[in-house]
There are 2 protein chains.
Amino acid sequence: MQDRYLGEQRRYDDDDDRVWNCGAWFEYILVVVVSSILLIAASVLTIFWTIYYRKGFNMDDPKLQFNLHPVLMIGGYITLSGFSILLYRICRCCSHLIVKLCHTFFHACSIPCIVIGFMAVWDSHNQQQIPNFYSLHSWLGMITMGLFALQFVLGFFSFLILLCCENATYKFRSTMVPIHASFGVATFMLAIATAVTGLTQKAHFELGENYSQTVEEGIIMNSIGVILTGLGIIIPFAVRRSNSPANCKVYVTERI
Amino acid sequence: MQDRYLGEQRRYDDDDDRVWNCGAWFEYILVVVVSSILLIAASVLTIFWTIYYRKGFNMDDPKLQFNLHPVLMIGGYITLSGFSILLYRICRCCSHLIVKLCHTFFHACSIPCIVIGFMAVWDSHNQQQIPNFYSLHSWLGMITMGLFALQFVLGFFSFLILLCCENATYKFRSTMVPIHASFGVATFMLAIATAVTGLTQKAHFELGENYSQTVEEGIIMNSIGVILTGLGIIIPFAVRRSNSPANCKVYVTERI
């Protein structure tokens, strides 16, 4: 048991001692910078779109109350989740426990975004007597929220609470790592699939025939969709690439 | 060089000798069976939807000509690509070269599906004087097709043509593996994001107000979207899990 524990320790600490070549550094910086720019761009562009084209927020007007939904879901949940996943790539010199705590904190911050974002559209629909849960967007949204909740509870239990008896729970935690990592990335991709169906739906509802005339607002909405899809490519790529040198086959998500 | 070559050989062939425990077998069968069922279900349900609800195919009627688009893109491209990726998980006892050739063959078969599927919608839109390339669906579709073409050419060159001088190209091929695998999964996810935006768009165009009344066709279309999203979860999970025992950290996609 002691040997295995030492083995685990060695795997954690070795990375910092390894020498990176120019290519690995270039890729690291490129991935981190591009991901961060895309995450911030998605957030900023969604806020800009809702304020400039959709007349901002007002809780007394159900149409303007709806605008909280895309801002909190994209600018809140997706951006925070993206940074939370990306932390495993960014923090290559920090203690692993600190990275885990920050990962949990970022995800915890996205919980109020999801709850208020969901309540905003639910209440707005009910006030306007628009039915709920009929569209593919809403179905995907429900699955995403369910998976997120499951991932949060299981992740919190497995990787923070069970850390109290570190050695005894090593095997269970090591089994959970690839499952949590795979489903975490899957939840993020699901959130993006939900967002792009939501944007498509909103474009058809609000722009109607004008959408096919390539109006300015349509281009902004499509750009948000393309940025989100770009995030769906680069974030899983970022966490699946190792923090260790290019020729060493240790994956970030294998850390326990 | 000889050592490295032998090392590579050993890595290829070792897997078959390793003993799997019950859990690994159960997971292997579950993942392969569920993925295959979902891939076939997406295909069958799309064909059923277009024939039963959208009146099938007729090249002389632009509305019915359009129906080739979802069938060839979902039932053709996505299903073939899914099986092509899944081959790396299914074929744990075959020669690696045979898996690579089958992977190429499946992807090659999806090329005519993409080309005819694209031509069907292009021609149908032009005949009905509907503009092209204005929606998020079309933007995502263009990016997906571009990435697919790039992946196919680079993959064919790197992993089949360069295999002629196996030893000399080992380092280049080993560098290309995680890039090709990551972008391959990303292209598949992009295709799914494109498909769900397409289904949302089609539901709003064809069903209009009825969509919110939870009509039968709407449920079928949403189900196709949910199945596709399920594939977006299980296929990356399947190829990221190893074919070797649970405690061994060798990823399928690391094979060269």
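Even glycines carry a Cβ here, placed using N, Cα and C.
Owing to the predicted nature of the structure, the values given are computational and were not obtained by experimental measurement.
Copied from TrEMBL, the annotated features are:
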{"type": "TRANSMEM", "residues": "A:28-51", "note": "transmembrane segment"}
{"type": "DOMAIN", "residues": "A:34-240", "note": "domain 'Cytochrome b561'"}
{"type": "TRANSMEM", "residues": "A:71-90", "note": "transmembrane segment"}
{"type": "TRANSMEM", "residues": "A:97-122", "note": "transmembrane segment"}
{"type": "TRANSMEM", "residues": "A:142-165", "note": "transmembrane segment"}
{"type": "TRANSMEM", "residues": "A:177-199", "note": "transmembrane segment"}
{"type": "TRANSMEM", "residues": "A:219-239", "note": "transmembrane segment"}
Intrachain residues whose Cβ lies under 8 Å of the transmembrane segment (A:28-51), provided they are six or more past its termini: 20, 57, 67, 70-71, 74-75, 78-79, 82-83, 86, 89-90, 92, 217, 220-221, 223-224, 227-228, 230-231, 234-235, 237-238, 241, 243
Recorded stretch that, among A:71-90, A:97-122, A:142-165, has the most CB pairs under 8 Å to the transmembrane segment (A:219-239): A:71-90
Positions whose Cβ lies under 8 angstroms from the transmembrane segment (A:97-122), at least six residues beyond its ends: 65-69, 71-73, 76-77, 80-81, 83-85, 87-88, 91, 132, 141, 145, 148, 152, 155-156, 159-160, 163
